[in-house]
Amino acid sequence: LQNMKMVPVPEKAYGTFFEGDCYIILHTKRTSRGSAVDLHYWIGKDSSQDEQGAAAMYVTQLDTALGGSPVQHREVQGHESETFQSYFRNGIIYKKGGVASGFKHVETNMYNIKRLLHVKGKKHVSATEVALSWDSFNKGDVFLLDLGKVLIQWNGPSCSIAEKSRGLALARSIRDSERGGRAQIGIIDNERDSPDLMQIMRMVLGERRGELRDSIPDTKADELQKANVRLYHVYEKDNDLVVQEMATRPLTQDLLQHEDCYILDQGGFKIYVWRGKASSPEEKKAAFTRAVGFIQAKGYPSSTNVEVINDGAESAMFKQLFQRWTEKNETQGLGKVYTTGKIAKVEQVKFDTTQLHARPELAAEQRMLDDASGEIEVWRIEDLQMQPVNPKAYGQFYGGDCYLVLYTYLRSGRPHYVLYMWQGRHASVDEITACALNAIELDKKYGDEAVQVRVTMGKEPRHFLAIFKGKLVIYEGGTSRAQKSSPEPAIRLFQVRGTDEVNTKATEVPARASSLNSNVVFLLSTSQVCYLWCGKGCSGDEREMAKMVADIVSRRDKHTILEGQEPAEFWEALGGKAPYASEKRFQEQVTHYQPRLFECSNQTGRFIMTEVVGFCQEDLDEDDVMLLDTWEEIFLWVGKASNAQERNEAIASAKEYLKTHPAGRDLATPIILVKQGYEPLNFTGWFNAWDPYKWSTASASSEYKSHFSHSDSNSYSNSSNYNSNSLSSPAMVPNGEEIYSREVLMHRTVDELPEGVDPTKKE
């Protein structure tokens, strides 16, 4: 904003913000349902109140001009939302100055630039201009000394590889966009190895006195804080603003009435304003003012993020704060929806598994990593050891047991492994623990390559159903061991769901009439006969699958009976008639959940997750543990160089994530552990244009090292009058006690490194 008017910013300056100004950002993205529009107004820390007010007003006007579909955001310098940060992949640069604050925008004449940028962040990078002094430095961050024709990247001794790589990306972005590619980049990774560059730094900053400060950890909201969601009704009464608390988590969608406006407070981490379709124009206009008033009244920091949302155009972030969010005429999974009055009849569409390799996004959507034609081995946990299960009994799982299922399939000619840990509802804590420990041992046997999936009884993922080819039977209790502690019940009732070999399972339910449901086929097994009870709402395919399962659960004669034509013996076996669910099948209409990627960290002892909006494969750093939430499943991706503590606590982090999720998630959601370099299709399919060879050629750390030792630095040392040989990495690299040549350490996998070399400290 210049003199209260909107002035377009040239595209090559996108991502650079003057601290004395306010900006408006319009972002449009194509989606499967049209396009998603976001409007942000950004407030620099030195901008005037008038400018801030004008920015909010322009955003409201733009929103009206765009038909009320955009999601609007208020962003404060240094506290930008994850969505905002995702637009500037190389990082955000804050420059001193601005129009209103009496400064003129600093023009960038290449030859008289002298500034120091403090670079922070690993997933979301920002660079702030700080005082040209050693006092600005600390041990844990990256600093860029920008001298126009030369950019020197100084890496703090406790920086991670990812922070160094992001720093380099930012330095290159300055070189390419601001200097037309004509600046040289030098890197100081270790001051002793770069005497010439240190000399330049001392020329600019003077001699360094005293020790460097320790880095200050980022203060971020932890998941416990974000889970504390509260909904307030906001309205005016006699010129006073009334804020009335309506509900706390889990929130339900029906709390939002179209005639009103609401504030949703996510633990003070973010404030959402929801504007009902039928609320008054005055109320809609006052959204930002009310949010800021609310922030002040609550004593929250003025930098708190605000998102204003219109009824019917809610953002994915907003929807996931509710227990369930339904949209009109949408169906979940594969199915066409026909809306006839209140009842939606869902027609199952046959799913063609041969398309999986050609279309990984289908593998992800269908939660299928292959066509389920691989090999299976099953073990039961007995006396805390693995006991092989007789292949004839594969597919039969008892609630009193824990099982390990190893699935092996070929991809590009080499075997890949999935290890399912199935936990019975009535298994002992010792058995569940033994199951996890045996899984680790089994994984080691296969070179630590297996994808590990924790399966809770009754919440089996789709691929698990498919590998048993329609013969999956889950018994409520008991065990499949030879010595059974109690006799099997004489009468058992099973509910059979599924239309083909890929999606069928039979689950034991209490043998009472109230367990029946008109939409499903049931098997009632007695000592004389096995009844196939077909509810009125079931399909021919479902009946066929039930016949197949009937031969597994009973050796007796099979009698098919239709709902309403039951013989007296049938009701007798169930202990008499009783009311049961008989409404026609209504398909729950749940929104298509957008997958979300998070970086997990609990280095500070608090569980903190940083979301990566608009994620891609590049966002998976090898020293990370990342969590991918696809609603039906939780994936944990473990980088090769991630620290042991984060690796060991990965599963606990995923459970914690489900527990603290504002929508009150099912704690039995399958958790899938995936290792870098061994990602299955149902994981990679969520990423656009996944490159399977990315990590087989070079690791991020060696890529970072080779980048600065060859391209950027050599061009600097050769052309430059400072003639710095220190930039070309020394030929010999000290590593602890030993010294190795660079060739031995670069482009090597962990296994190929010399004995005793720590892969995270190769440099």
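Backbone N, Cα and C atoms are what each Cβ position is placed from, and that goes for glycine too.
Annotations in TrEMBL come from automatic prediction, not curation.
TrEMBL lists 711-729 with the feature compositional bias 'Low complexity'.
Annotated domain 'Gelsolin-like' per TrEMBL: 4-84 (among others), in sequence order.
Annotation source TrEMBL lists domain 'Gelsolin-like' at 125-195 (among others).
Feature annotation from TrEMBL assigns domain 'Gelsolin-like' to 244-319 (among others).
As annotated by TrEMBL, domain 'Gelsolin-like' applies to 386-465 (among others).
For 504-571 (among others), the entry in TrEMBL reads domain 'Gelsolin-like'. Across the residues of the domain 'Gelsolin-like' (504-571), the predicted structure has a mean pLDDT of 91.
Under the heading domain 'Gelsolin-like', TrEMBL lists 607-683 (among others).
Summarising the annotation, TrEMBL assigns region 'Disordered' to 710-730.
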Residues in the domain 'Gelsolin-like' (4-84) per DSSP class, helix first, strand next, coil last, are 23 helix, 30 strand, 28 coil
With the greatest number of Cβ pairs under 8 Å to the domain 'Gelsolin-like' (386-465), the stretch among 4-84, 125-195, 244-319, 504-571 is 504-571
